[in-house]
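If you check Swiss-Prot, you get these features:
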ACT_SITE  2  active site, schiff-base intermediate with DNA
ACT_SITE  3  active site, proton donor
ACT_SITE  57  active site, proton donor
BINDING   90, 109, 151  DNA binding site
ZN_FING   236-270  zinc finger
ACT_SITE  260  active site, proton donor
């Protein structure tokens, strides 16, 4: 599943091709995504995309009269191609542009979404209750300590709650907790302020490095130019259950926590 770094890499890839460009046509070959693509998406035609932004794992194509909201779901990807490029299997939607390019949504598993809102995007039901972005100053040690106060929830599950902080998905929660030396099952409210500060710093570092490396390609993700992400080569624990810890050589433990695969070092993480 594309997580925050992969979505940000996609945003960076498509933004130069879309920003300041008028939409000339929207082609919906099959609108049966997570939610049906609404007919109102045709309102995008003849509008100029002024900005391509991201909120959590949603991409926002902003115009003066509304915003198209894109989500890549489990296996979705976006490609910028020349108009007239033949569609292939699972190419569900094209947004054609006045510069001769098109933005193509491919989604084999159909858990993605393309929606339209005339209201401010931040007021949309999907976005209104989201927590802060992890790479902004709003996500800091004081904020996390206040949110964690009195919480018995396992810290990994706590971090993956998008009302606490957005975009810390399974891969990056595993990696940040390992880097911070915190056991994923430790109660969020039982972690010292100092250790929470370390955790915040590691979340920011891991996410920023993943974006720099182009994301993490496991099965489905490629960036807007079709290239894979290379952060997979930097993974310390995710996908390495049963293999030696790079620091102490203890075999890494793998458990299910919050219905997600969780990998950690029982020696290095307390």
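Just so it is clear, glycine is given a Cβ too, placed from its N, Cα and C backbone atoms.
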Residue 57 (active site, proton donor) - helix vs strand vs coil (DSSP): coil
Residue numbers, six or more beyond the limits of the zinc finger (236-270), whose CB comes under 8 Å of its CB atoms: 154, 156-157, 160, 170-171, 174-175, 177-179, 181-186, 218
Neighbouring C-beta atoms (10 Å sphere around the C-beta of residue 57 (active site, proton donor)): 22
Inter-residue C-alpha distance, residue 3 (active site, proton donor) and residue 90 (DNA binding site) (nearest angstrom): 20
Three-state composition of the zinc finger (236-270), taking helix and strand from DSSP: 0 helix, 12 strand, 23 coil
For residue 151 (DNA binding site): intrachain residues, at least 6 apart, with Cβ closer than 8 Å: 158, 187, 188, 189
Residue 57 (active site, proton donor) and residue 260 (active site, proton donor), Cα-Cα, nearest whole angstrom: 18
Residue 260 (active site, proton donor) CB neighbourhood, other CB atoms within 10 A: 16
Recorded positions clustered about residue 2 (active site, schiff-base intermediate with DNA) [Cα within 10 Å; pool: 57, 90, 109]: 57
Neighbourhood of residue 109 (DNA binding site), C-beta criterion under 8 angstroms, separation at least six: 73, 74, 75, 76
PLDDT averaged over the residues of the zinc finger (236-270): 98
Between residue 90 (DNA binding site) and residue 57 (active site, proton donor), the C-alpha gap once rounded to whole angstrom: 21
